[in-house]
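> Take a look at this one; I'll ask things after.
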Amino acid sequence: MPELPEVETSRRGIEPHLVGATILHAVVRNGRLRWPVSEEIYRLSDQPVLSVQRRAKYLLLELPEGWIIIHLGMSGSLRILPEELPPEKHDHVELVMSNGKVLRYTDPRRFGAWLWTKELEGHNVLTHLGPEPLSDDFNGEYLHQKCAKKKTAIKPWLMDNKLVVGVGNIYASESLFAAGIHPDRLASSLSLAECELLARVIKAVLLRSIEQGGTTLKDFLQSDGKPGYFAQELQVYGRKGEPCRVCGTPIVATKHAQRATFYCRQCQK
């Protein structure tokens, strides 16, 4: 599933082609996504794009009359393409722009979303979200406070959007390795110093992944059709049985809440 770096990479890739251009119309080839494509999107016409923003894993396209909320789901990607390029099997939604380009949404598993809202505030998919991990609001003191009474393992807690948004399976595993923290540790057992370190490395890991265009393991592509290259730098995720790049101990894979977790027994305590 695309996580924060992949969504931010998509935002940065599409923004220059959308802001300042006008949506001439939308084409919905298959509206049966995770939720049905909003009827307002079918009727879009002559709408200038004012901004392209991100909240958590949602892309937010600001138009004069409202907002398009896009979620990439499990396998979605957004590409900027020439209008004349014919669609392929899994190209479900596109915005035809005044500059001769199209924003084309591809989603083999159809678990994403294209929604419309007049106002962002109070929309059900955006309520109850924690702070952005790259913001000043997410820091060691905040993390320590939120972990203090939490009697669950730190790995699934990091993936809870009420704590912090956008830290999914890949980056939770990678960040815990970078901080030397075992994923099975109770969240409440982390000291303030450990929380400060963990908050710092989460920011560093996410920023590095954004620099590399995100992580492509299967379906994710950047807006120019290229894969994300952070997969080449993964320290533990997807490396079961391979030697740790630091100490040589074989990487272990377990499951938390049906999600694979990767770690080094020697480096993480």
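Placed from the backbone N, Cα and C atoms, the Cβ positions cover glycine too.
These came from Swiss-Prot, pasted as-is:
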- Pro2: active site, schiff-base intermediate with DNA (ACT_SITE)
- Glu3: active site, proton donor (ACT_SITE)
- Lys57: active site, proton donor (ACT_SITE)
- His90, Arg109, Lys150: DNA binding site (BINDING)
- 235-269: zinc finger (ZN_FING)
- Arg259: active site, proton donor (ACT_SITE)
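Neighbours and distances for these, please.
Glu3 (active site, proton donor) counts 24 other C-beta atoms within 10 Å of its own C-beta, drawing on all protein chains shown.
Other C-beta atoms found within 10 angstroms of the C-beta of Lys57 (active site, proton donor) number 22, with every protein chain shown included.
Around the Cβ of Arg109 (DNA binding site), a 10 Å sphere holds 14 further Cβ atoms from the protein chains shown.
Outside the zinc finger (235-269) by six or more residues, the chain places 153, 155-156, 159, 169-170, 173-174, 176-178, 180-184, 217 with a CB less than 8 A from a CB of the stretch.
Sequence-distant neighbours of Arg259 (active site, proton donor) (same chain, 6+ residues apart, CB-CB distance under 8 A): Pro156, Met159, Asn169.
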> In sequence order, which residues at least six apart in the same chain have a CB under 8 Å from the CB of His90 (DNA binding site)?
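Counting only residues 6 or more apart in sequence, the Cβ neighbours of His90 (DNA binding site) under 8 Å are Thr106, Asp107, Pro108.
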> If I take the alpha carbons of Lys150 (DNA binding site) and Lys57 (active site, proton donor), what is the distance between them in whole Å?
24
> Measure from the Cβ of Lys150 (DNA binding site) and count the other Cβ atoms within 10 Å, all protein chains considered.
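Here the count is 16.
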